[in-house]
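K.L.:
This is the structure I have questions about; it appears just below.
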Amino acid sequence: MTTPAPLTGLLPLNPEQLARLQAATTDLTPEQLAWVSGYFWGVLNPRSGAVAVTPVPERKMPGVTLISASQTGNARRVAEALRDDLLAANLNVTLVNAGDYKFKQIASEKLLVIVTSTQGEGEPPEEAVALHKFLFSKKAPKLENTAFAVFSLGDTSYEFFCQSGKDFDSKLAELGGERLLDRVDADVEYQAAASEWRARVVDVLKSRAPVAAPSQSVATGAVNDIHTSPYTKDAPLIATLSVNQKITGRNSEKDVRHIEIDLGDSGLRYQPGDALGVWYQNDPALVKELVELLWLKGDEPVTVDGKTLPLAEALEWHFELTVNTANIVENYATLTRSESLLPLVGDKAQLQHYAATTPIVDMVRFSPAQLDAEALIGLLRPLTPRLYSIASAQAEVESEVHVTVGVVRYDIEGRARAGGASSFLADRVEEEGEVRVFIEHNDNFRLPANPQTPVIMIGPGTGIAPFRAFMQQRAAEGAEGKNWLFFGNPHFTEDFLYQVEWQRYVKEGMLNRIDLAWSRDQKEKIYVQDKLREQGAELWRWINDGAHIYVCGDARRMAADVEKALLEVIAEFGAMDIEAADEFLSELRVERRYQRDVY
């Protein structure tokens, strides 16, 4: 599988050199990175008295514009791999993040390829929201001279599987674009589909665009300034869990943990706004229960990625057990001829509801059957890492990384169930135990470059995590810009996450304003969006003063409710209608003044 960084075995740098290089460049802007690149090229190719001249090709080569619209990094990895394939075929390619793409130039594109994921309820990734809105607006141009292809990544456990890719594909065709290839919709196990699609794209584009001389093949755009690290999703760092502290009260309905992980001397670097990827082990007790329900022993040999493993080991480390999907329910029903599940087959809504409310182990318990080991793993999806917003800044914690974990716990007919990664960190990794981690960089959730810029942070629940990192960074830098936090949770006494730290920031003058919404401390429920409306006039003043707005947390409900409140505030105090307010907020998004990290 292709990773965000080249395989270290193919690089002229060893892991330590790569780590030092990353540490030296982690805070540089794309423009600064480009300058450094040119500087080293000049060092390598000194020409006394020569003036650098950009060679002009004999004829302009048709270029391929490749747009990466990524939420968790997978779409970016596919786009980067396709970029490399196109360069190897000597084709001109411009790879760009959707958030950096000047979408009004889309009418001039001849060859356009989009690799996109989907988030929430079928919404485009955060970095692609502006492009999506533009294409679906009255301003979208005709695209009769544009040929396009779309690769869509999704997760069949969600109702609106690959909806963003479906949207882009249908809209580009509706605007007159020529579809080069049928859209591909890939589930979480996307690698094989992506590899096949990439090969087809290269073949098609080679027939559409003349092959350039190697010196003419170029790759430009923000995505090319990637973060290089010897540790990746497929080659994670084996780190140490040093602190596991419950930060909700004993009477809280929530179990939230502050987790600290020691990165040692790995040199692994991150920035506020990045996420920590965590590979986890399924609960051995859950594996034992599932195996016994199917009348298996756990020692049956199965093949995983070409290796033979005992079934129990394969289930613990290689397969998703805590998230059910409509496809799994349908396939299990068909395979076992279950009388209770077969009536659901063909009814998408019922399948989705059943999968969302019934874990895999309970599906088997309620509809027992006998399967052999290979049939069982054939039903399951591969284990994927969980991403957690980083709650620390290395300017303060150095070789540590902190995350805020809401532990998923619930009962199914009296049987305790838990989330895979959250219970792994909270219950099964002892302090000083090993955990495999990597950094998922998120350049679409960054503090302002100007330290004097005001910042508005909206993060209920565990959405508070990146704002702890933001404040640590701003404090370490002595940033003079004002800071305003909106936080909410059920109860003040039980659920005020990092309360002492926020109070200290207020006392020190670093946190200029804090508005708190406790939804269960009074008869009428109060949420952060209510506080936004309550502070509308002051909020509008901050926006007019150039403030950047950040939202982190639940994508399904909170993010939409917060955006609705922001639109109402902009409309009321900006003296405009909702449509104009929506345009205003879209402009803030394009200017990177409205950024969201929602999940």
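Using the three backbone atoms N, Cα and C, a Cβ is placed for every residue, glycine included.
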K.L.:
Swiss-Prot records Ser519, Arg520, Lys525, Ile526, Tyr527, Val528, Gln529 as NADP(+)-binding residues. Which of Asp495, Asp554, Asp561, Asp577 is assigned to the same site?
P.N.:
Asp561
K.L.:
Measuring Cα to Cα, how many Å separate Tyr158 (FMN binding site) from Tyr599 (FAD binding site)?
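P.N.:
If we compare the Cα positions of Tyr158 (FMN binding site) and Tyr599 (FAD binding site), the gap is 12 Å.
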K.L.:
Closest to Ser117 (FMN binding site): which of the binding-site residues Thr322, Tyr388, Ala421, Gln529, Asp561, going by Cα position?
P.N.:
Tyr388
K.L.:
Including all protein chains shown, what's the count of other C-beta atoms within 10 A of the C-beta of Ser519 (NADP(+) binding site)?
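P.N.:
Ser519 (NADP(+) binding site): 17 neighbouring Cβ atoms within 10 Å.
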K.L.:
For the domain 'Flavodoxin-like' (64-202), what's the mean pLDDT in this predicted model?
P.N.:
95
K.L.:
Check each residue in the chain of Tyr388 (FAD binding site) that is at least six apart in sequence and keep those whose C-beta is under 8 Å from its C-beta; list them in sequence order.
P.N.:
Ala275, Leu276, Val278, Val403, Thr404, Val405, Ala465
